[in-house]
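> Let me begin by handing over the structure; questions about it come next.
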Amino acid sequence: MAAMASFGALALLLLSGLSCCSAEACLEPQITPSYYTTSDAVISTETVFIVEISLTCKNRVQNMALYADVSGKQFPVTRGQDVGRYQVSWSLEHKSAHAGTYEVRFFDEESYSLLRKAQRNNEDVSIIPPLFTVSVDHRGTWNGPWVSTEVLAAAIGIVIYYLAFSAKSHIQA
């Protein structure tokens, strides 16, 4: 009898574990993306990219684990406090962060595991379809004026001094 009770408890534990941990795929995802990229390279050391999305699925799946792929690099996607809100961020050196469009491919757990497997086996990863893709337009970073303000102020000061000195010399002559 005790063996039967422990078997029943084990079966109940196994079934409850499977029901809580089964990942359901998102059907027909609808996204509302927004993004931010660093535009000023003078005050920052790296260009930062932040993508926020609001995700709703036709089958009402919530709190999915998502992963992002940007140019072959994968990043975990964090869930926001609000249901269906997600965010991913990454940074690049200013030299590497060229102006243009960055394609951010989002994967669920199943497709992400296929992506990682393909990478480990040196297979073509472009055949693995993402759950959805967000295009991030980066306009590049501003590196400051061509001439620093200190040099410009010194040059203007020298020109004013020269004009004042020549006017004084012309008046005294």
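The backbone N, Cα and C atoms fix where each Cβ goes, glycine too.
Per Swiss-Prot, the features are:
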- 1-23: signal peptide (SIGNAL)
- 24-144: topological domain 'Lumenal' (TOPO_DOM)
- Cys26-Cys57: disulfide bond (DISULFID)
- Lys73: ubiquitin cross-link (CROSSLNK)
- 145-165: transmembrane segment (TRANSMEM)
> Cβ under 8 Å, sequence separation of at least 6 from the ends of the transmembrane segment (145-165): give me the contacting residues as numbers and ranges.
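For the transmembrane segment (145-165), there are no nonlocal Cβ contacts.
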> Compute the C-alpha separation of the residue listed as 'ubiquitin cross-link' from Cys57 (disulfide bond), stating it in Å without decimals.
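That separation, Cα to Cα, works out to 26 Å.
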> Using Cβ atoms only, which residues of the same chain lie under 8 Å from Cys26 (disulfide bond) while being at least 6 residues apart in sequence?
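Set apart from Cys26 (disulfide bond) by at least 6 residues yet with Cβ under 8 Å, we have Leu55, Cys57, Asn59, Val61, Met64, Asp108, Leu131.
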> Helix, strand or coil: which one is the residue listed as 'ubiquitin cross-link' in, per DSSP?
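Going by the DSSP assignment, the residue listed as 'ubiquitin cross-link' falls within a strand, counted as strand.
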> Quick one: DSSP breakdown of the topological domain 'Lumenal' (24-144) into helix, strand and coil?
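So the topological domain 'Lumenal' (24-144) is made up of 15 helix, 55 strand, 51 coil.
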> Average pLDDT across the topological domain 'Lumenal' (24-144)?
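Mean model confidence (pLDDT) across the topological domain 'Lumenal' (24-144) is 92.
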> Count the Cβ atoms, other than its own, that fall within 10 Å of the Cβ of Cys57 (disulfide bond), considering every protein chain shown.
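A 10 Å sphere around the Cβ of Cys57 (disulfide bond) contains 17 other Cβ atoms.
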